[in-house]
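Participant: The repeat 'ANK' feature in TrEMBL is assigned to 9-41, 83-115, 116-148, 248-280.
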Amino acid sequence: MDFTECYGDTVSSLAVAARDRNVRLLRSLIRRGCDVDSRDNRGWNALHEAAAAGHAVCARDLLKAAAGSSQGCRAYVLSLTHEGESALYLAARRGHLVVVKLLLKAHADVNQQTNDLSSPLYAAVDGGYTELVELFVRKGAEVNGTHTASSWTCLHQAAYKGHGDIVRILVGVCRLEVYDDHRITPLFVAAQYGRRHCLQVLADAGACVCVCACILKVFCEFTLRPWCSEDVFVPSVVGASVNAQAADLATPLLIAAQEGHRGCVELLLDHGADPNLSCSDSWPQLPVHAAAEFGHEAILARLAALTDRSCDRGEGRVSPLYSAAKNDHGCCVALLLSAGFSPDGQDCSSYFGSACTSPLCCTLATGNGDPTWTFSDSARLLIAAGATLTGEAWAWILAACDSDVLQYVLRHRSFPGPERPSGVMSHHLSPEQWSRRLSPEELSGLMCKVFDMVCHASYWLPSLLGAGLEPSLLLAEPNVLEDMDSEGVNYFLEFVNWSTLSPPLKDILDRQKELITWGPLINLGKTRPCNNII
């Protein structure tokens, strides 16, 4: 049931007076014998109202009246609403310090939990009421208990809300290495939400414990006393590890990099966070991948310099270029390339699917075939950096059916041909293209995909022939002329000598002419000048 709404016709006059802080009316009603424990539809009595309103005088008068009743003051101060809220909890949730002190003096239970597992201390932490937190700790409040369905402690909540002063109080009395049901620590929470001050306090506290452990271990070795790691837990404090992993293996450094909290990343690294700790059980994810995936350039630059370069092209690893290119963070792709990462990465199809044989294929495949697909900045950068054009890459390039895409590729790569004589410059190839000529494997991959996509020849044929593709390579597959439309056939024949065509190819053309699927141009016998002549 929902007990958050108060029905006015269920509230006693005494409770209304306490809520309104009307001391005169409240005392008058008490003298007339009104029941101090009369409840409304939420289970609230007059003391709950006074505590929530923060009126100490009304609360004191009600407690005094209850002391003279059969119920007694102790039972009255411990009375709960239908949601399990005590007067102490209601006062703590609103930060009413004076009322809290009054209720504690009346023997209120500092550890009384609500139906949803909250407590007065947890409420004070949530609200950021530092003085109340100090008071509850002095009064013996349970500091390591869990107070949510996900098993959060007061320290988790303080870190989440960014209450640095409260975190500083709690680290002196709490276990720091406490976990919720996802094995997330308070330090992890601080890193996730960018609470740098809280993170500093938690990391420093953990570092101090580690130092104490080292000193104690040396002492035990020197005195020949048996070493026990649990000795360092005195007084009930366990250090917060900056490398503690959640259930999914995520680390504080990974989550800080993912969320873009640069200050937290720097702080964690300064406290010994490991940038090479694998953070996933499904693929070898590192913090550098998170920074690249979400486009956090400054963090990426910092982590790229510290990450083991085996992730660049190592087998069983994943290049961070995949993360950057897949999400088209061009600036991150450029940063990684300038840092020396290979544009080819490694084959990651076993992790991310058949399209991810290289970072280039991965970014080309993203959205390809969709009417809104665009040639991404990441793809341009990878091609310009000399990424290998595998058969899969050519397939995606040709499947785009966009001559501008193909022409961009051919501006950065050239077809094999006669070696350029010393001192002689090509009229249509840049120096970069000469130095990045297609390898035999790349050319073979292109031709295989071209033969599979003859029906789209109008998109790729002019660009390829214009860039210097040897026409004879297309004649290696006779069916090319059969599957090509009339316009494509005529364009192609302008690059070859009609008289030198083999009889089988001429038979194909004659048959198409008879079927009226091909109409030759008048000047068919004239060939275009070859574009790849130096």
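Just so it is clear, glycine is given a Cβ too, placed from its N, Cα and C backbone atoms.
Heads up, TrEMBL stuff is auto-annotated, nobody curated it.
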Participant: Treating G and I as helix alongside H, and B as strand alongside E, what does DSSP give for the repeat 'ANK' (9-41) in helix, strand and coil?
Facilitator: 18 helix, 0 strand, 15 coil
Participant: For the repeat 'ANK' (83-115), could you work out the same-chain residues 6 or more beyond its ends whose Cβ comes under 8 Å from its Cβ atoms?
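Facilitator: Residues 3, 42-43, 47-48, 50-52, 54-56, 59-60, 63, 73-74, 77, 121, 123-124, 126-127, 129, 131-132, 135-136, 139-142, 145, 147 contact the repeat 'ANK' (83-115) from elsewhere in the chain.
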Participant: How does the repeat 'ANK' (83-115) divide up by DSSP, counting helix, then strand, then coil residues?
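Facilitator: Split into helix, strand and coil, the repeat 'ANK' (83-115) gives 16 helix, 0 strand, 17 coil.
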Participant: Could you put numbers on the helix, strand and coil content of the repeat 'ANK' (248-280), residue by residue per DSSP?
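Facilitator: DSSP classes over the repeat 'ANK' (248-280) add up to 17 helix, 0 strand, 16 coil.
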Participant: Which whole number is the mean pLDDT over the repeat 'ANK' (83-115)?
Facilitator: 97
